[in-house]
């Protein structure tokens with residue numbers, strides 16, 4: 001085998017298995033930092049996983065089932081050292097909406113979402129995510145933060161029999177507010193206050209420096225440990241308090257209850273399910289999930305790619321977006337074999353990972369191992385965790401998702417983008433897919449309007465000059481013809497015109513036909529239309545079209561000088577052999593400009 005072939009094969013293998021790129025350089029220093037980061041993330045993900053299972057409407061163990069597979073898959077396939085895959089608030093909300101509190105539906109949704117994500121990665125379809133704009137994403141996540149947060153008020157206050165639909169939830173929560181359990185309310189609010197205080201301490205902790213006294217370094221390390229593991233600390237403390245009351249025969253808190261012990265069995269996803277003595281087939285399950293088969297994989301990819309790009313930019317490295325699609329897709333497919341529901345990249349846990357100095361995705365191995373150990377040995381203790389404490393964890397986790405700044409920023413910068421933001425935000429309270437679909441449609445209409453009606457710069461005078469400020473595509477050709485016709489041909493008398501094409505990088509057949517008809521209109525009026533600033537690919541295309549009366553000039557001055565010739569002078573059409581020498585040489589270059 002030729003050396004070049006071996007080199008290409010090795011490069012391709014490293015691209016598909018990024019672990020091969022950094023493992024040869026792995027060091028003991030990296031191992032120490034990765035271990036600390038993995039442990040920190042593990043202490044964060046365990047209480048969050050239990051809490052997010054509640055958001056998803058599933059038994060608590062399903063949160064833990066969903067929390068470890070991504071750690072191992074991303075070790076091999078991930079291109080970001082910071083990202084951690086697992087259950088998130090947004091994904092849990094979507095799962096709740098599309099799986100009807102049925103674990104079988106949730107696991108099948110993970111499998112099908114993973115297949116779709118894998119296909120997108122293999123076919124390099126990641127660019128499709130670019131059509132969901134930032135205002136749409138912000139509108140959805142802001143609405144989701146309110147939906148998720150308010151949905152936990154019932155657990156925070158110990159209320160029972162509250163519906164899950166948002167508007168009914170709001171109504172019944174206020175209707176039954178008098179049934180608040182004092183124990184749950186006190187514990188929940190105290191847990192939330194403690195979490196907020198610890199988070200504030202973490203954010204305002206002074207950076208370390210070599211000249212710190214040993215006692216100060218130790219104190220800082222202790223505070224850093226407590227604030228980083230604040231979720232685990234608060235949930236563990238609440239569980240101890242609840243256990244103390246339980247052994248005395250008092251029951252002031254609503255507890256999580258019995259959790260299935262042990263590791264999840266490895267089995268294929270359920271392609272049918274029996275409910276109320278009726279077997280629901282695979283096709284019926286797919287039909288029941290409906291739009292979720294598009295919304296869940298797309299939102300999972302968006303959330304994960306957004307997290308990866310954010311931390312890659314912050315920490316000065318690059319990610320491979322299509323490789324990230326493969327990583328998250330395979331995570332969901334393999335996760336479905338161990339009863340996981342759909343997962344994605346977690347911003348909060350990724351931030352913990354980055355702040356603790358993680359060096360490689362190997363930190364995920366520690367996190368995954370910690371989750372497996374907790375499943376195997378600690379599930380009996382998790383049953384004493386009060387639901388109000390988990391509600392406090394969720395509410396403090398989703399509060400930052402509500403982005404007030406985006407509303408102010410768009411008002412100052414681009415008010416039109418407030419339209420898709422508000423449409424998505426408001427409709428997401430009604431139906432999630434309607435919010436995302438309507439917001440994306442509004443964004444697309446705004447984009448199409450700018451394509452169909454590009455802004456132009458106009459210079460009036462004896463010769464009319466028009467310059468499109470952006471590209472020229474087929475939806476815009478009629479508007480362009482109308483603008484030139486109204487200003488030049490319908491003037492009294494008709495006057496010649498120049499089309500300045502500096503910003504036009506390509507033209508399609510419809511544009512060529514429209515320009516040909518425009519040239520004929522100018523000839524009928526006895527005036528001329530000249531083209532200036534054509535890029536080489538566009539010039540090639542127009543010359544190949546052999547448009548009658550086509551004239552091209554290098555500069556605007558040349559065009560104006562030509563068009564201002566004495567009446568009766570017949571100008572010569574410019575063909576490829578008459579193009580200025582510099583341009584002609586470019587035309588002959590197969591590589592373009």
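The count begins at 1 with the first shown residue.
Just so you know, glycine gets a Cβ as well, placed from its N, Cα and C.
It should be emphasised that the depicted structure is a prediction, and the values quoted were computed from it without experimental measurement.
Feature transmembrane segment, per Swiss-Prot, maps to range 418-438 of the set 418-438, 439-459, 460-480. The membrane topology recorded in Swiss-Prot keeps residue 28 and residue 412 together on one side. Annotated by Swiss-Prot as transmembrane segment, the relevant range among 325-345, 493-513, 514-534 is 325-345. Put simply, of 35-55, 57-77, 107-127, 418-438, the stretch with the most CB pairs closer than 8 A to the transmembrane segment (325-345) is 107-127. In the domain 'STAS' (453-566), helix, strand and coil residues by DSSP number 50 helix, 19 strand, 45 coil. Against the transmembrane segment (83-100), the recorded stretches 288-308, 362-382, 418-438 differ in Cβ pairs under 8 Å, and the greatest number is found for 288-308. Taking Cβ pairs closer than 8 Å, the topological domain 'Extracellular' (255-287) reaches residues 50, 59-61, 65, 102, 104-105, 107-108, 110-112, 242, 246, 293, 336-339, 372, 375-376, 379-380, 382-387, 390 in its own chain, all 6 or more past its ends. Remark: the transmembrane segment (362-382) contacts the transmembrane segment (35-55), by the rule of 3 or more CB pairs under 8 A.
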